[in-house]
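Down below is the structure, laid out as structure tokens.
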Amino acid sequence: MRICVVGAGYVGLTTAAALANFGHEVQCVDMEQAKIDSLTQGKVPIYEPGLEKLIRKNLKKDKLHFSSNVIESIRDYPMILIAVGTPSREDGSSNLSYINQVINLIASNIKDYKIIITKSTVPAGTNEWMHQMLVEKGIEEDLFDIVSNPEFLREGTALWDIFHPNKLVFGTRTDRPIKVLKKLYESEKVPYIFTSLTGAELIKYASNAFLATKISFANEIARICDVYEVDYSDIYKGLATDPRIGRYFLNAGLGFGGSCLPKDLSCLKHSASKQNVETKLLDAVMEINDTQIELYLNKLGKALPSLEDKQITVWGVTFKSGTDDLRSSPAIALIKQLVQIGCRVHTYDPMVQLELADVSSYINQYESVIGSDVLIIATEWDQFLKSDWSEIKSRMKGSIILDARNCINAQTVRKHGLLYLGVGKR
Ligand code: UDX
Ligand code: UDX
């Protein structure tokens, strides 16, 4: 099949590379010329394990092409896959201006039948609205099918996720595109879920809202464990062994961040409230997440009553390990609060050298702790788990280790004369 992927961001690039690898002829377009130039040379602007190799392989096989000529590509390709950004607005709604732009371009350039697939996460009703927009612009319904095909890719394991999906979701208005859609991904054994356009949109939001709910649930239970002096990790084992509960997304810590979970939760709440549906559960999920930093800072404040002017090192700045993505990173929110309190903040991250006012960023894990009163683990990078604690003890001024991801072995830390602090961890 010949497919044009619009948007060479995180989702667009991963999807384009995978589709080319399945044997399709893929043209990935983006309005940013500089991005296209470097991609054409096989240089990928984001960090995703295996992606650059896959892109280079398919460029070489002539299966994948990059272009900034969006109009020509939209005109030439029979299948358009939209993967442009849908950022959050202040009120939680999604900014759909990029989607709007793409639909306008399709409307002005469509000559023959096209399947238009929305990969971007868009609020309930958006794909129906896209269909109506094309109709209102005088495009015959015979000339196109809109399909909603949400992605479920985790950063850091996106290629694994796309090659081993646990389901494929397609929302359509009619049965017409289904035969073609079944040939899109090489995944015959996984369940195919066909539903309406809005149904597919809501599957995506419900999935991310459920994952967020699990995390806030874990965080609330960890708070209860904390006051009863119980290790949340014991509770975790008890929960995770029950297949009805499952073992994923139950790690307690600073809370969820990234470009999807917070944004999608806000957007789902917004879609519900627009139609006067109350979202008490989702509100609570958000509220718990929004107070995790305060919880950890309170914990620290009890051990070190005046934080002002203290030197604090924060390890990990990305929104989770395995990525260089800083979008909605709880670690960054924590760092900003520490700066506001008047702390002198040092940071170290294996992937990113943070550039932020009043923050000193280090390229060496152990140098970043020299003279610090406190070390906070804000992202669970493997490297931190294997730290040399005697080296850290000898370099720090103080002795407090605040484990904000429940990932460090408390006994090991204590053995080296350091004070271990965590929530729901003894
Ligand atoms: C985005 C959304 O954040 C996510 O919710 C959705 O599921 C998929 O799209 P991501 O790929 O990370 O995820 O977005 P982003 O990194 O912003 O990439 C979008 C790309 O589209 C950018 O490279 C941008 O230059 C490009 N773009 C945007 C166009 O080529 N044309 C446009 O009109 C708008
Ligand atoms: C998420 C979804 O998992 C994916 O299906 C969707 O398509 C895009 O959004 P991603 O944003 O890459 O993927 O990150 P994810 O692995 O879901 O983690 C989100 C946040 O939750 C991170 O900040 C992570 O640290 C946090 N988290 C995750 C926890 O706090 N505890 C957990 O147990 C799991």
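Keep in mind that glycine also has a Cβ here, set from the backbone N, Cα and C atoms.
Whatever TrEMBL says is automated annotation, not expert-curated.
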May I ask you to find which of Lys302, Lys310, Lys320, Lys336 TrEMBL records for the substrate site already listed with Phe152, Leu153, Arg154, Glu155, Lys204, Phe249, Leu250, Asn251, Ala252, Gly253, Gly257?
Lys320
Which of Thr86, Thr195, Thr198, Thr291 shares the NAD(+) site with Asp30, Lys35, Thr121, Glu155, Lys263, Arg327 per TrEMBL?
Thr86
Please compare the binding-site residues Arg154, Lys204 by how many other CB atoms fall within 10 Å of each one's CB, and tell me which has the fewest.
Arg154
Roughly how many Å separate the Cα of Phe152 (substrate binding site) from that of Cys260 (active site, nucleophile), to the nearest whole number?
10
Averaged across the domain 'UDP-glucose/GDP-mannose dehydrogenase C-terminal' (313-410), what pLDDT does the model get? Just tell me the whole number, please.
97
Could you round the CA separation between Cys260 (active site, nucleophile) and Thr121 (NAD(+) binding site) to a whole angstrom and send it over?
9
What Cα-Cα separation, expressed in whole Å, is found between Arg154 (substrate binding site) and Thr121 (NAD(+) binding site)?
14
